[in-house]
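Student: Sharing a structure, written as structure tokens. Questions coming.
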Amino acid sequence: MTIAIGKSSEEPKGIFDTMDDWLRRDRFVFVGWSGLLLFPCAYFSLGGWLTGTTFVTSWYTHGLASSYLEGCNFLTAAVSTPANSMAHSLLLLWGPEAQGDFTRWCQLGGLWTFIALHGAFALIGFMLRQFELARSVQLRPYNAIAFSGPISVFVSVFLIYPLGQSGWFFAPSFGVAAIFRFILFFQGFHNWTLNPFHMMGVAGVLGAALLCAIHGATVENTLFEDGDGANTFRAFNPTQSEETYSMVTANRFWSQIFGIAFSNKRWLHFFMLFVPVTGLWMSAIGVVGLALNLRAYDFVSQEIRASEDPEFETFYTKNILLNEGIRAWMAAQDQPHENLVFPEEVLPRGNAL
């Protein structure tokens with residue numbers, strides 16, 4: 001038996017290679033280079049939200065109770081946006097507003113900017129994670145591309161929209177009821193439901209739900225019965241080489257139902273990707289438009305006729321009056337610092353009243 005003693009021919013690894021080996025090692029929870037962005041940002045944003053909804057009041061920013069400590073529940077608690085007077089300040093803890101005082105920072109709404117910015121980078125980190133893993137296992141990057149839809153909506157609603165307005169104050173607060181209030185605000189001040197980009201977004205999301213239901217049902221309906229298991233989940237070997245369901249039978253079924261059907265699996269699944277992602281992108285584009293105060297559809301001729309003819313009213317003119325009511329009530333309540341007072345005679349009345 002011969003033993004060779006000598007120097008290894010392998011060169012010592014540099015710091016980058018050492019980090020790369022550790023970060024991309026196969027483990028239960030993959031870390032990766034993207035994890036350096038994802039995990040800290042996700043931890044801080046989620047931790048900030050849990051802290052804010054548990055302990056922090058919105059009395060100084062909105063005149064509201066918004067924490068569990070004040071008696072709110074899961075649906076009514078929120079981390080509210082900074083006060084309108086803070087404009088677009090990043091509200092850094094060490095900045096001129098809070099001056100290192102954590103309590104003051106929370107009172108001014110610093111947790112909102114903390115959560116929004118860390119949340120945005122966490123979402124971007126999650127998309128990069130999908131890119132990184134796809135590259136590692138030699139997949140195409142469509143998962144990451146699809147996730148750009150939710151990212152675009154988050155960034156447009158929580159960051160770009162308030163940047164186009166007078167301050168972070170007009171962004172949504174992080175809470176269930178707070179988001180509902182923001183939706184009413186969007187309708188009243190921007191007539192959002194009549195915006196074509198919102199219509200495309202609704203068509204994309206609901207259309208995707210329909211496609212998902214149809215696709216799942218069709219696959220279940222056309223499974224090959226070649227297994228001996230008791231149910232769908234046990235009848236097939238996960239490493240089987242043959243097709244699990246009959247595309248030919250599915251095509252024949254839907255051809256009879258609609259007169260047209262997908263005959264290509266690749267086109268079918270690309271379409272299921274395309275519909276929701278495009279819908280989300282269109283919604284995000286629409287919100288960017290609202291940041292610039294672009295108008296939705298206006299049917300002024302109907303409004304003029306409704307104002308002149310007491311017997312003429314359409315669903316559109318009724319909605320316009322409803323929007324005026326939302327603005328009249330919401331502006332005074334949401335912006336008490338403006339001291340808005342609307343006399344009774346200027347509040348909107350429909351022709352029916």
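Glycine is treated like the rest: Cβ placed from N, Cα and C.
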Student: Given the ranges 91-107, 125-141, 312-328, which one is assigned the annotation transmembrane segment in Swiss-Prot?
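Tutor: From Swiss-Prot, the annotated transmembrane segment range turns out to be 125-141.
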Student: Quick check on the annotations: Swiss-Prot lists transmembrane segment for one of 19-39, 208-228. Which range is it?
Tutor: 208-228
Student: By a simple count of other Cβ atoms within 10 Å, which of HIS118, HIS198, HIS269, the binding-site residues in the record, is least packed?
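Tutor: Least crowded of the binding-site residues HIS118, HIS198, HIS269, by Cβ count within 10 Å, is HIS269.
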Student: Restricting the comparison to the binding-site residues HIS198, PHE262, HIS269, which residue's C-alpha is spatially nearest the C-alpha of ASN143 (pheophytin a binding site)?
Tutor: HIS269
